[in-house]
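> Quick paste of what Swiss-Prot says about this protein:
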type     : residues                                             : note
REGION   : 1-203                                                : region 'Precorrin-2 dehydrogenase /sirohydrochlorin ferrochelatase'
BINDING  : N22, V23, D43, D44                                   : NAD(+) binding site
MOD_RES  : S128                                                 : phosphoserine
REGION   : 215-462                                              : region 'Uroporphyrinogen-III C-methyltransferase'
BINDING  : P224, G300, G301, D302, I305, T330, A331, M383, G412 : S-adenosyl-L-methionine binding site
ACT_SITE : D247                                                 : active site, proton acceptor
ACT_SITE : K269                                                 : active site, proton donor
Amino acid sequence: MEYLPLFANLRQRTVLVVGGGNVAARKIQLLMRTGAHIKVVADDLCPELARIVNKKDINWIGKLFEPAMLDEVFLVIAATNNTKLNALVYKCAEKRHIFANIVDKQSYCSFIFPSIVDRSPIVVAISSSGKAPVLARILREKIETILPMFIGPMATLVGTWRNRIKQHIHNIAWRRRFWETILNGRFAHLISQGKWEHAEKEIESQLYHYQSPIGNVALVGAGPGDSGLLTLRGLQLMQQADIVLYDYLVSPEILDLVRRDADRIYVGKQAGKHSMPQAEINSLLVKLALQGKNVVRLKGGDPFIFGRGGEELQAVAAAGISFQVVPGITAASGATAYAGIPLTHREYAHSVIFITGHQCDDSSNYLNWSLLARSNQTLVIYMGVIQAAVIKKKLLAHGRALQTPVAVISRGTLKDQSVIIGTLEQLEMLTIQALSPTLLIIGEVVKISCEINWFGKIIKEQ
């Protein structure tokens, strides 16, 4: 983030604009909507600025800029075609720690103007950090078509009820949930129909019948990593959460989509490294929900595929707590799709089997290796890097060919995705450089990746 979006209260604050042309006029017209006390410094004014000055809406200083003019100024804008003057304004402002914007000279800007959608008091600001102003304008136009004109008056009406709601509902999280119910329900529908009195009565009715909320748990699959693969329902619940418990496999891009004010607890589950035992996670989910909170349990991939989501919900259900499940795209589906490897194919694989490397211990008889070694199927192994030698040994012993195609996919669907292709004979070598998380794909379908890979590069070992 190159620029932090801030909303400045300019009411009754002094803003100095250096320049009297059309560009300065456009900036001043925007500033006038904020209630700022505006001074313009210029030896001459364009017709529009002259009209504004004549109406006594702004103060005109008809002389050359002097550094002393920045005294008692909150921020300054320079919009002249004199590069030396613009530079002087910026340097003087910097020396006084005053925000400055030099039009069309980004290196001389301590703040920049965004594209604005004004539905006051709702204001949306869009910025490209000065890189693509036309793109920012196009985005603004799209948002203009989405936001109804009544959204501003609706926000004003809601504001008149805030103190009363605070007095009635003291818990911040419960109060937020009350407003979510109001704004997503009949109230908003009545506003859209222009029935303002009925809408206000709806708030009053909801408040009169208000009861303390009951907590719940949402088990949400975050998908394999790419934030674009998160489900819409998962995003909605993450935006409504009071608290989120998340794992190691949840990408930073996904976490950025969680509601800003939601508490976050890392319960990192990584092969051999559990920051919190499973029993404690189960207990924590129950404890938080019993406090009346909206709890989101966020897991990488799909929570019901090697995610122990079932165990967690058994504990929640046993406590009588309401819950729901939002499936996610499991790593086997997401990572192989991004690597151009179809899990099934009419010519090469009629079935697919998912297992984890934890089950592949050399001394374990848990797995049916004869079944896993069959041809015409795809074998996907989660967390299999540590057991690569055992996997190779077992599959070869039960009939899989040395030249069976193998893919090692690390950090699937992410920008730094790595796909290394070789054969079963090379499996241990292929996994040496693998970054976590890693999937092993074993089967003839791997050959197709060279034809339909579309994301990132594939390294083919000889």
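Numbering starts at 1 and runs along the chain as it is shown here.
Positions of Cβ are set from backbone N, Cα and C atoms, glycine also.
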> Which number gives the other C-beta atoms within 10 angstroms of the C-beta of P224 (S-adenosyl-L-methionine binding site), all protein chains shown included?
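Other Cβ atoms within 10 Å of P224 (S-adenosyl-L-methionine binding site): 30.
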> Whole-number Å only: compute the distance from the Cα of D43 (NAD(+) binding site) to the Cα of I305 (S-adenosyl-L-methionine binding site).
72
> Please report the DSSP secondary structure of V23 (NAD(+) binding site), reduced to three states.
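Reduced to three states, the DSSP call for V23 (NAD(+) binding site) is helix.
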> Among the recorded positions listed here, N22, S128, whose Cβ has the fewest other Cβ atoms inside 10 Å?
N22
> If the NAD(+) binders are N22, V23, D43, D44 per the record, what's the largest distance between their Cα atoms, in Å?
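Greatest Cα-Cα span of the listed binding residues: 15 Å.
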> Under DSSP, is A331 (S-adenosyl-L-methionine binding site) part of a helix or a strand, or is it coil?
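A331 (S-adenosyl-L-methionine binding site) sits in a helix per DSSP.
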> Where A331 (S-adenosyl-L-methionine binding site) and the residue listed as 'active site, proton acceptor' are concerned, what is their Cα separation in Å, rounded?
14
> Rounded to an integer, what is the Cα-Cα distance in Å between N22 (NAD(+) binding site) and P224 (S-adenosyl-L-methionine binding site)?
51
> Return the residue, from the listed binding-site residues V23, I305, A331, with the maximum count of other C-beta atoms within 10 angstroms of its C-beta.
A331
> Determine, to the nearest whole angstrom, how far the Cα atom of G412 (S-adenosyl-L-methionine binding site) is from the Cα atom of the residue listed as 'phosphoserine'.
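Checking the Cα atoms of G412 (S-adenosyl-L-methionine binding site) and the residue listed as 'phosphoserine' gives a distance of 29 Å.
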> Reported as an integer number of Å, what is the Cα distance between D247 (active site, proton acceptor) and V23 (NAD(+) binding site)?
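That separation, Cα to Cα, works out to 51 Å.
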> May I ask which residues of the same chain, at least 6 positions away in sequence, place their Cβ under 8 angstroms from the Cβ of D44 (NAD(+) binding site)?
G20
> Which value in Å gives the longest Cα to Cα span across the S-adenosyl-L-methionine site residues P224, G300, G301, D302, I305, T330, A331, M383, G412 as recorded?
16
